[in-house]
Amino acid sequence: MMDDEIENGRSGYPRTFTAVRSKSYSPLIFRILRRINPRLLAIFLFVIFCGVFYVGARTSPIIVFVFSICMISFFFAVYLTKWVLAKDEGPPEMSQISDAIRDGAEGFFRTQYGTISKMAVLLALVILSIYLFRTSTPQQEAAGIGRFTSAFITVAAFLLGALCSGMAGYVGMWVSVRANVRVSSAARRSAREALQIAVRAGGFSAIIVVGMAVFGVAILYATFYYWLEVDTPGSMRVTDLPLLLVGYGFGASFVALFAQLGGGIYTKAADVGADLVGKVEQGIPEDDPRNPAVIADLVGDNVGDCAARGADLFESIAAEIISAMILGGTMAQKCKIEDPSGFILFPLVVHSFDLVVSSVGILSIRGTRDPGTLGAIEDPMTILQKGYSITIVLAVLTFGLSTRWLLYTEQAPSAWLNFALCGLVGIITAYAFVWITKYYTDYKHEPVKTLALASCTGHGTNIIAGVALGLESTALPVLVISVAIVSAYWLGHSSGLVDDSGNPTGGLFGTAVATMGMLSTAAYVLTMDMFGPIADNAGGIVEMSQQPESVREITDVLDAVGNTTKATTKGFAIGSAALASFLLFSAYMDEVASIARVPFEQVDIAVPEIFVGGLLGSMLIFVFSAWACSAVGRTAQEVVNEVRRQFIERPGIMYYKEKPDYSRCVAIVASASLREMIKPGALAIISPIVIGIIFRILGNITNQPLLGAKVVASMLMFATVAGILMALFLNTSGGAWDNAKKYIETGALGGKGSDCHKAAITGDTVGDPFKDTAGPSLHVLIKMLATITLVMAPVFLDTVYLLGIVHLLIVGVKTHTRISSTVLSVLPTGGHHRREKEVHIYCTIAVFCTSTRHDFLNGRARNGEANIQTSCGTNDVTLPIKSNLKRHQARGSKTRREDLAENIAVKGALGMALQVCYSVKN
């Protein structure tokens, strides 16, 4: 009787849900903007708008076109937001659940990205130190760009990429936690309306993510072009400019990796814990309000699937754009093309058109006036595929237009057509990946039905069948990638573009164009991906608010389709990552050759050290995946124990007499995910640097100057191959297990509660960390390995850099200790502890200033250290501080005098830093 009441929405269970946090969170920049007078804000934005277009106009008309499309797209995203937010939130119980989910998601986002930002700043300082001691490339020397300028550019690009990636993640989370309740409410009236709201909410996030990636790269390019006076006599050539953007891609990859790891651990630990205890042990439905982990599970959908995927696709597009720009500039330089800007800026134009065609695809999905459930005609996957087909047709047309506009050259009049065909190869590859992934993960097709049937004979056979399906699913994607790379390479190779010696040079750029073609519908694909977690959340809200079964049927169908669209997006992401990594690998070899000033065109794996580097790269993929999955397992164990404890200590939960403590599970997964994401993330960042340094030292001993760079190239190559296969296996098997469970829940093979269903749940819990933690993180990992090797290439080429940095750290510690102890000794009573942190910050400035005034790389390290110690050891530097303290001791009240004296003393530390800087002579 009780179950019947629940199904019909008539339960007496109190429908109130306390917020996980007492106050909703929004980033600091948004809080500041809200406090500004609207008119002043409008004037400020208008001035920025004019400044951006002025710089763009001074750079290239193409940049102005890109800026214009991005601005229009942002206005379109605002329209989608207003349209979605205008929809009603349903009854109060739905809003209360949604508020709890929103509070949990925003609270975790704040903590997680606060941790990531601190690590990003630390890494930025490391990059700054490396670039201050690297040898300038011939191009930089010819342009007069010094080491400090190069370091500043790289660090600024890195931080901007990290910031934009974080904003992309926040946008994805922001829309999902507001759209979920509106989809739930719409499902009470019309299935088609619920579908339309979910798609448009996902479309808002997709347009913003892609637009920010394009706009960020374009802003950096235009700013550097204008600031460095590119293509003027005695300055940098425009073909060398894209290399300065590498830091942007690295920053985006860095944030995306930790966002994916932390979010994936959060969402899957909560999901596994909720399923194992709630569905298997207690026999209650998914997203049942009696489950203490249900809110944590729903929060995880937003921070793991939405925020993390937004950052993931952002860095995919950014890395692809930058690598294609580098290869386009290199080819244009070799071919002596008179105006190379078209080849360099081509990726930006392609993705600008992506915003346009994807917007049309999103708008093509319309609502219907007739409410009702989804029938055979109203299959949501069919509707989404129609929109995708429209987007692809428009993408083909705009891609051809772009190649004719930008890639036409008198040196090879038909080259643009070859490159247009390369783009077509990429678009076909994208469609093939979507179709292959859908075939292996949609329960309408044979593989998932076979997997569901294997569940009827037990848990073990379900696991065996799922692993076998995942292993088999790697074959077709690898064949498609192989055909795409070879076809695009030879189409570019035969384009007619040759260098001075008559050698064809368009092969690599052909693969770059194919990658652009594959990502030319990225915004619509990301829309389909965001649709998934929004629909999943909507189903959870419907279940928790105890709506009629007919409403849950609609959200169940949307949720099942969402699982398929998420899986297809992951397949799309790994395919694009494979092509982008191939391009970044080529860019790495070009940069090494430029820095070392010797040819670097081949990596011979018959050399033992290089083969070992490949083994280490492959091992990295497996260890990283293992640590990611074990992190989910450990966190899930904590959730399982907590949920079991609540069911034992509060037996009234099962009878709706007591309310579960949802916030406890949220706190467990939040703290554990932040703790667990550090280990695999650090492994990914540190491994290539350590391997490169070790083999660089070994190369010095064995007289092989490029050994470090070659071993890193081998590691990168093998890690990319192993990462692609591992990600395909993890993503597909996890998605298939999930949809096999969904298939049984439709009533097949015994339906919910049957032994077959319990075995399918076991498979689903095994697949959860596969498809939502380790698998998606590998997409980011293989691209981040490529970008980090590009940024850290100087470390792999000369041990002098390494020795200089080590010596800098030793001397820096001594300098910091001397200055901080001197300044703290003259602080007034009580100020020592209150202001110690600020003093240490200023002392760090002193260390930095002193270090940059010395050329440790030219044999003057000992003299530099002696000068630093002499300058820091003298008492003269404290005299201005003591003098100011004495002067103000007799002024004002005692409290005022102490505060004033304290401030003067602390600010004196900065003066000391500057004095030390200028007292040290080169």
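Positions of Cβ are set from backbone N, Cα and C atoms, glycine also.
Keep in mind that this is a model prediction, so the values were computed, not measured.
Annotation comment: TrEMBL describes 40-57 (among others) as transmembrane segment.
The transmembrane segment annotation in TrEMBL covers 63-85 (among others).
What TrEMBL records for 153-177 (among others) is transmembrane segment.
The annotation transmembrane segment is assigned in TrEMBL to 197-221 (among others).
Outside the transmembrane segment (343-367) by six or more residues, the chain places 60, 62-63, 65-66, 69-70, 73, 76, 80, 190, 192-193, 195-196, 199-200, 203, 206-207, 210-211, 213-214, 217-218, 221, 238-239, 241-242, 317, 320-321, 324-325, 328-329, 331-332, 337, 383-384, 386-388, 390-391, 394-395, 398-399, 401-403, 405-407, 423, 509, 512-513, 516-517, 519-524, 527 with a CB less than 8 A from a CB of the stretch. Under the heading transmembrane segment, TrEMBL lists 343-367 (among others).
Here TrEMBL flags 387-408 (among others) as transmembrane segment.
Taken from TrEMBL, the feature transmembrane segment applies to 415-436 (among others).
Among the features that TrEMBL reports, transmembrane segment is placed at 474-492 (among others).
Summarising the annotation, TrEMBL assigns transmembrane segment to 571-589 (among others).
What TrEMBL lists as transmembrane segment is 610-633 (among others).
When Cβ-Cβ distances below 8 Å are used as the criterion, the transmembrane segment (681-699) is approached by residues 123, 254, 257-258, 261, 609, 613, 616, 620, 623-624, 627, 705-709, 711-712, 715-716, 781, 784-785, 788-789, 792, 795-799, 802 of the same chain, each at least six residues removed from its ends. What TrEMBL records for 681-699 (among others) is transmembrane segment.
According to TrEMBL, the feature transmembrane segment maps to 785-811 (among others).
The listed stretches are 40-57, 197-221, 474-492; of these, 474-492 has the most Cβ pairs under 8 Å to the transmembrane segment (415-436). Fewer than three CB pairs closer than 8 A are found between the transmembrane segment (197-221) and the transmembrane segment (610-633), and contact between the two stretches is not assigned (pairs 6 or more residues apart). Only residues 6 or more beyond the boundaries of the transmembrane segment (474-492), in the same chain, are considered here, and those with a CB under 8 A from a CB of the stretch are 418-419, 421-422, 425-426, 428-429, 432-433, 436, 506-511, 513-514, 518, 571, 574-575, 578-579, 582, 724-725, 728-729, 732. Here the transmembrane segment (153-177) has Cβ contacts under 8 Å with residues 27, 81, 84, 98, 101-102, 105-106, 109, 113, 116-117, 120-121, 123-124, 127-128, 131, 201-202, 204-205, 208-209, 212-213, 216, 220, 224, 244-256, 259, 301-303, 305-311, 313-315, 318, 530, 533-534, 537, 791 of the same chain, all six or more residues outside its ends.
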